[in-house]
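**Student:** Dropping a structure here in structure tokens format, bear with me for questions.
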Amino acid sequence: MLSLVLRTAKANLTRALLSSLSVVLGVAFVSGSLMFTDGLSSMLTAQAATQYDNVDVGLSMESISSDDDGGALIGRVRKVDGVRAAEPVWSMFNIGLSFDGGARKVLGDHKAVNVSADPGLQPIRAAEGRMPAAAGEIVLDKRTASREGIPIGATVQVSNFGSEAREYRLVGLTSSTKGGFDTQGALVVMATPDMAAMAGYPATTIVVSAADGVSPDDLAARLGAAVGIEARTHDQLVRSAMDSAVGNAEEFRNALLGFGVIAVCMAAFVIANTFTIVLAQRTRETALLRLIGSTRRQVFRSVLVEAAVIGFGGSVLGLGAGVLLALGLPAALASVGAPSGVTPVLSGGTVLIAMAVGVGVTMVSAMLPARRGTAVPPVAALGDASVQVARPAGRFRMISGGLVAAIGAGLLAIANQVGLVVGGALLAVTGFLLLSPAVVPALVRVVSKPFALLGGATVSLALANAVRNPRRIATTTNALVVGVTLIATVTLLAKSTEAPSERAADEKMFAHFLVTGSTDTTLIPDELATVLRDRPEVGTVYPSYQVYDDALNAEVLTAGRDAPAQGSALVSAGLGIAVGGTVTVQGQAFPVAGVRPGDRTVWLTADDIKKRFEYAFLTEVQVEPPPGVAEAEARATLDRVLNAFPSAVAYNKAEYVDRLNARMNQALAVVTALLSLAVIIALVGVANTLTLSVVERTRENAMLRAIGLTRRQLRLTLSAEALVMALTGTIIGTLLSIGIAISGLKSVAGDGDGLELTIPWDRLAVLLAIAALAALTASVIPARRAVRDSITANLAAE
Amino acid sequence: MPALQATALSKVYGTGESAVAALDGVDVSFQAGRFHAIMGSSGSGKSTLLHCLAGLDKPTSGAVRIGDTDLGSLNDEKLTLLRRDHVGFVFQRFNLLPVLTAQENILLPLAIAGRKPDRAWFDQVVAAVGLTDRLGHRPSEMSGGQQQRVAVARALITRPWVIFADEPTGNLDSRSGDEVLGLLRDAVSQLGQTVVMVTHDMHAAARCDRVVFLRDGRYAAALDSPSPDQIVAMLEHADRIGR
Ligand SMILES: Nc1ncnc2c1ncn2[C@@H]1O[C@H](COP(=O)(O)OP(=O)(O)O)[C@@H](O)[C@H]1O
Ligand SMILES: [Mg+2]
């Protein structure tokens, strides 16, 4: 029996390859993700380990005790017997970095660390130049320096959010990086005195190097006893850093595998459909086997073995493709924060998983088709089984489909929390899938009307062919429907929740320039507002502050546009104070001048916030140039002032919109790219179905060619058939996603400030165009096959 | 002038050791407005000859002319258009598209060409083949004989120069077979069509104006309006000289 299976598989090599293509893609994604995240994990753990090079023992405090100025503690540590050297170390974020006298700012979430002047206690080594030995010297990571073109010897400016920028000389470059996920940020290494000055608070960590002959364990015990702070040895430090690094990599891997599961499910759809078609076409062969005495069980088993063979072949190819994918993933994922330079790792576990997924999914998907397809009575071999009667969809399926879809739609309509939306969406899609053999052909007829009018007889023929087996076209488009629904829902939600950037910028910006941190998380120094105000030539300055008032349990913000007068306030509706009442902030009663929607927020003027609060964060500054000053000139004036603030960047409205868009579009692009694999697999399914249909219609097509259909026309019929399938699937998916998105937006909008559905027509049009194009591509191979053989040979085909 | 002419027609399948000469230098011509049969034992090259004559297959050497068109001078596209506009076909089986109704099947060659049917001619053809009340049916709802009648109507709808039929009655019971033969006979006698039919059946051949005999891919003989007895004799004779 096995040799028969292998011979059948060999004879149907194209079919086998086609059915395995979806397996290949699914396995490629899963194994590629695993290889990439294994590589990521080993890179992160290596980073974590080198971070403690040369450190024998580390002391870290939960917080700085107020009576200790740090100086005393380090002195005590250094006196402990067995300590060769000890150094306080800081690790600071919110760092601003610029060069060229401040004119060129390095954007990114930078990290600054300090190293001891003692090389024996430096965990970082210089790859070029040398490490900082004295105040005023710094080292940068090589990647940042070469990207920005900063040469050794250059003067750079570094600031932290509380301090003024200072100038340093770049004395060396290191191949260490900031570590972790962010690829943009620089690593800034400075000498301890500079760091102490910049930080302005004592270090919470002290690293220690042991004297010769003292073991780290001994030293840690001695230090713990002497200074009463938890001391951890090198190995302990490395282990806990590795653990958290592996944790990070695992989170990343799980997110990727989520997409992998989607891809594999799509592949399962396609495989099941392929087997259904293939077995339908083999009815006569199967019947013949039964006629000459094979049991049904034998035939069923042989189909499963065939599935296993195909699954195995697909897995092997998929692993190969996975390697390519793993090499390409870092570039694709860089914008969502994956580090570059990850070398994929192919582990034995990945190979096993890939094989198990490929073979398992193929066999499981083939199970149901195999059961149906082998339930052929032996007499079928004698009849004329070439014209298959399509089984109509069962009544039970239709009724349950209608019910499930109705419940899903109902849930979507009333959903007021995300869980209900997800449940409703799942039910609605499932219901649709059940109803699809009835719904899809009907929709195909509608979608194809305009084409039929345009394309004449050839196209009408294609459409008649498309719907001749309702189950088949339904299953084929279903995969596409699911894929498109996923992508379109994500797109709609993303575009709707992030109100269009222009509107956001319009709402925020009332002055010409907006000055904010160089990344979304970078804070800007408080004195920036003061400095700008001292320079009348830049124009009018509007700082925005943010602070939390514990007593009021509310956020206090600067009211930008429509600000209240000095000494009065705006409040959010959630505070329950009406116009004419008063709100007390830090002991001062502010008359309420207006009420805005929202939960617990008070808006005051910038001056009132500064007067009332000691520490208020400066979030941004808006600047309106003096009247009559040209944009370029105002810009130059402003930038000259900002040169002293490496972390602050000025935007006009158009630039700010670009920045908002860039962030959102990058994330959306990555998610879309990951989901598009599902759509690609679905389109492979379209190609599959078409190819198998072409095989099935060999004689019909030959007859058509005989009575005068040209090669071109025959190709056209197949393209039209593919096009109609793809468009129908895309349209259904889009409609479903609109329903889901509306429900989703409504459910999170709970109290008042509703999110409107924004339909990004441009993106949907692109989606449709891509589906159409891909469908046309998908029809190329089947069409070539259809016109390849001679008419007479095809007329004689069995 | 003959409607159809083959000169030194040869067709070799395969190459080297396994090469089979299905046709070996056949010279034969078919007059317009007559009903021709091609006979011969199984494997004698009847179908191959028909396919080459109809431009469905390219001969290895030799020439075929339909009217004054040399098929060898046409590329695939031109050949296809020639078949579409000037040649009709009736095959043994699978003549019709299952997704189309009888009417759509009949009009298919015109639809492919994007031409409007001549209503009166359509009605005449449909009436002639007796399908007036079956036009809305699909092939799966019709008997084999009805299906073949649809195929004949489709062959007639373009008023072709010549209609080719490869064992059109081979799959039918004798009554349905007779009906289909009658239709082809009428197409020649009443509508002035030219028909070339491959057949095994001497009763079918006996209704033709002329019968061409093939033997081992070669032209063997031809008889004008033969009786069944003459045909049997000729087939036996052909067999005998074949030994
Ligand atoms: N496609 C083909 N490939 C190889 N040999 C063929 C092919 N078609 C026909 N033949 C051979 O050519 C000869 C004539 O075949 P055919 O024209 O079908 O005969 P007939 O129709 O008279 O039975 C036979 O020997 C047959 O085996
Ligand atoms: Mg034959």
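A Cβ is built for glycine as well, from the same backbone N, Cα and C atoms used for every other residue.
A quick note: this is a predicted structure, and the numbers were derived from the prediction, not measured.
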**Student:** Scan A:187-208, A:473-494 against TrEMBL and say which stretch is down as transmembrane segment.
**Tutor:** A:473-494
**Student:** What is the three-state DSSP composition of the domain 'ABC3 transporter permease C-terminal' (A:259-374), stated as helix, strand and coil residue counts?
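**Tutor:** Taking the domain 'ABC3 transporter permease C-terminal' (A:259-374) as a whole: 99 helix, 0 strand, 17 coil.
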**Student:** Summarise the domain 'ABC3 transporter permease C-terminal' (A:674-790) as counts of helix, strand and coil residues per DSSP.
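**Tutor:** Going by DSSP assignments, the domain 'ABC3 transporter permease C-terminal' (A:674-790) contains 97 helix, 0 strand, 20 coil.
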**Student:** Within the domain 'ABC3 transporter permease C-terminal' (A:259-374), what mean pLDDT does the predicted structure show?
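**Tutor:** Result for the domain 'ABC3 transporter permease C-terminal' (A:259-374): average pLDDT 82.
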